[in-house]
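Colleague: Here's the feature list from Swiss-Prot:
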type: BINDING; residues: 13, 14, 15, 16, 159, 160, 161, 162, 163, 164, 165, 166, 167, 278; note: NAD(+) binding site
type: ACT_SITE; residues: 128; note: active site, acyl-thioester intermediate
């Protein structure tokens, strides 16, 4: 291992793992991709890794545990598999960055709370909808208390694989919980829509935020703009369609000002198509989390 690099591995050679591989090669930062491990020796992801000269294995997590120099593991398998992986990785002193819905560790959104969990052995990236919308709800709640937040995420049917389709309930529950726990909303709701349009649409999100009362509109607008800029540092295709709109509406809590934000996420096109911004924001967030963890490890070694 290079002195200024931390060895990392990707567990899972499907679309998510493969896109993450390309991101780590394009922007390695303080990370050295030492292994891509899967369980299907004929998978396209492992074949692509071999073509790029990256060590591969079809032995799954056992191959990762066999290399004591691997410090960080990106788990892009399934929630069921990660339950087992989380235990084994913890026992072997490895850091797990979980891209599945398993949530065996704390929820993490890079520009919001990553710095609070740098000593955690396992962190979870929630959902694509959570990574997209939690930063904006948090941008409001850090200025004024938020009574209620609601997000509607519309993604292309082509970007929603069998895992997404089988876990719709988990998606809505986990995303809503993230809007509350990290976003700062007292109560939240999440909705996902799969759009079969062709050509495929980009990921689009509508976020409604209901503050507790009157608030400083300029301060909120500035906070949202800063948060968008923060996310764009690792997801360049993350953008608001227009400035947040503030309308007075009748709500279950009486007439209140409601903040409405329209967000679009375009992927980088590393491996997944650009319309799959919902998947790209997960792999982009994972790369960013890995980068910060690696920096933290190197600082501890140097201390």
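Any Cβ shown, glycine's included, is placed from N, Cα and C.
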Colleague: Report, in whole Å, the straight Cα-to-Cα distance of residue 161 (NAD(+) binding site) from residue 128 (active site, acyl-thioester intermediate).
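Modeller: It is 13 Å, counting Cα to Cα.
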Colleague: Looking at the binding-site residues 13, 15, 167, which sits with the largest number of other Cβ atoms within 10 Å of its Cβ?
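Modeller: It comes out as 13.
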Colleague: On a count of neighbouring CB atoms within 10 A, which of the recorded positions 128, 161, 165 is highest?
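Modeller: Within the set of recorded positions, the most crowded position is 128.
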Colleague: Residues with Cβ closer than 8 Å to the Cβ of residue 159 (NAD(+) binding site), same chain and 6+ apart in sequence?
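Modeller: In sequence order, the residues whose Cβ lies under 8 Å from that of residue 159 (NAD(+) binding site) (at least 6 apart) are 200, 203, 272, 273, 275, 276, 277, 278, 279.
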